[in-house]
Every structure is written in C-alpha cells, then in structure tokens.
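Everything below concerns the one structure shown next.
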Amino acid sequence: MGSTEDLDYPQIIIQYSSGFLVSKVMFTACELGVFDLLLESGKPLSSDAIAAFLGASTMGMERLLDACVGLKLLAVEVTQEGALYRNTEISNVYLTKSSPKSQYHIMMYYSNTVYLCWQYLADAVREGRNQYERAFGISSKDPFGTMYRSDEEMLKFMAGQNSVWSICGRDVLAAFDLSPFTQVCDLGGGGGALARECVSLYPKATITIYDLPKVVQVAKEQFVSPEERQIAFHAGDFFNDSIPEAELYILSKILHDWNDDKCKELLAKVYKSCKPGGGVLLVESLLNEDKSGPVETQLYSMNMLVQTEGKERTAAEYSKLLEAAGFGMVQVKRTGKLYDAVLGRK
C-alpha cells in the first residue's frame, strides 16, 4: 500500500464532489428508456435513431450516450456511417425493465424520492430528523405514512425493494441453514420477493408476509399470484397489532428504520410470539465494529437520517438488541455483499 503522499487528494475530492453526476446519468438513461430500446432493437443504434425513438434532442442524447459509454453502461463502435451504441452485459442484466434482475425500479425510487430528501442533508444533520416535510411538504412524524403517501409512491417503493431482493435475497437466506424452520413470518415483507426466494431455497417452508393492509392488497394484486400457495399474507401494523405465531421471523431492512427503543419494542413482541426453539433472522447492512466502514453502509446510515427514524448498526449493536428482547445464541454471518445476516434463537 502506498503512503499518504502517493494519494492525489485534489483528484479524489473532485471525484467525490461529482459522484452524484454519475448516478444521475444512469438514472436518466433508465428513465428515458435507453437500455430498453437498445435491448429491444437487437442491434446497435445511432444517437440520432435513439433520440428520435425516445423523443429527445439529438444533442442531449449524444452526450448522455457518450457519458454512459464512459461509465461502461454502453459500448460504442465508430463506423463509416457514424457512432453506433449498444448495451453492455451489465445494462442488459440490471438496467432493462424486462430482466429478472432488473434494478430499474429502485433506480427510479432513488432518482425521484431519495434524491429530493438528500437535498436537505445539512438540515437533517442539524436537526437529527428526516426531511420529508421540506422535500414533500408533508409530516415527517410517520416515515412510512410519508413513503406511502400515494398509491404510486407505495408501488414504486415496493417494486424497488423487490428488485433489491431479486439479486441479494439468496445470499442472506443461505447465510444460515434455515431448513429446520418450516413456519416463517416475514415482517414488513412488502412485495414478496424475499419470501419467494425463501420458498425457492427451502421448499418445505411456508411463509406469511405481514405488512400494512394497503401493502398487502397491492402485493396480492401486483406481485404474488394465488398459485404461489406457500406464500400467505397477514395484514396489520406490527407495532400496534398482534404478531402471528411462527418458528422463524425474518426482519429484512426493518430495524434500521427505527430507533433503539422502537427496535426493542418490536423484538419483544416477536419474542413473545415466537415458538420455543424458534428464531429471528435480521437482514441488515452491518457496519464494522469501529464504524470505519463499509462506506456503502455509512451512506445507508445517512439515508436513514434523511428518510426514517433509524440508523445502520454494528453486529454487536444488533446482538445487544436481540439479547435485550430475550433471544440468545446470536450468530452473525457477513455475506461479503450489500446485506448481512444475524440469527438469534429463543
């Protein structure tokens, strides 16, 4: 490793300060349908053709396409007729709407919702609270009331979460052998992508998605078909309503939305409903114990500041919350990916 004198600090600062430009280029290409068009065309297209198909200016589209080439999201071939653009493999797999691993919906959620909150990051740091009131002019006291402020926003959020679990779900569910648990409850399971991964990996399991009534209704209508008989639903508010009995409770990206007191309250309810010998699986992005990283998790924690009442935590902090609720034999598995797994037993 080189010394600190080897680092080009001005270059690093410039790269950091322009980081949001990179994401907005990708978001914009997704939103305009660039990657979908190139996939459907089955052949490389010129910037003029892409602009005409998508109803955009030729000048603007050419710059967007070239920026995507620089980001390795597109490839370009210069012919006698001019430059022809095509998708790279990463764009075909992750940025087209039709791909099973598409991240399009989470991109749109970040672009149209998260970005607006992050404009007020300085205010969030000063005040220590989320910024929905400034970003959208609505009360910030109920984070999920604001996230689900319209059917369109709720659907966007649910589809975005589904896209995340389509590529991250199997890693966290395979971190421990969960096959002994056949009666599973997915608290805040939303659109059911993680539940679907669970029954695929553990075919003897049945899983109940517990979520707010309007979320359950949309999940049934849009995401989970009646033919998926291993997946059931239970409508309710897990802070105010009873939690059904189960052998295993999955809380995926749930505790990071809430402060410690709320987490303890929820875990105590889970412990009370959990069958003897059962357990709870926390799926979260874990900070290093000294909180020095990973940088992705540190940034997620900033996002929790501007959007929720919670934060990202270390494995020790999650273990302490589990133990306070009565769970023991806590195990931690780092997947090496975005999300990790913590298992506590009753």
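Here the Cβ of each residue, glycine as well, is placed from N, Cα and C on the backbone.
What TrEMBL says about a protein is an automatic prediction, not a curated fact.
Keep in mind the model is a prediction, meaning the values are calculated, not measured.
Now, the feature entries from TrEMBL:
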| type | residues | note |
| --- | --- | --- |
| ACT_SITE | HIS256 | active site, proton acceptor |
| DOMAIN | 15-96 | domain 'O-methyltransferase dimerisation' |
| DOMAIN | 118-327 | domain 'O-methyltransferase C-terminal' |
Integer mean pLDDT for the domain 'O-methyltransferase C-terminal' (118-327): 95
Spatial neighbours of HIS256 (active site, proton acceptor) that are distant in sequence (at least 6 apart) but have CB under 8 A: GLU284, SER285, TYR300, SER301, MET304, THR308, GLY310, LYS311, GLU312, ARG313
Secondary structure content of the domain 'O-methyltransferase dimerisation' (15-96), with strand meaning DSSP E or B: 52 helix, 13 strand, 17 coil
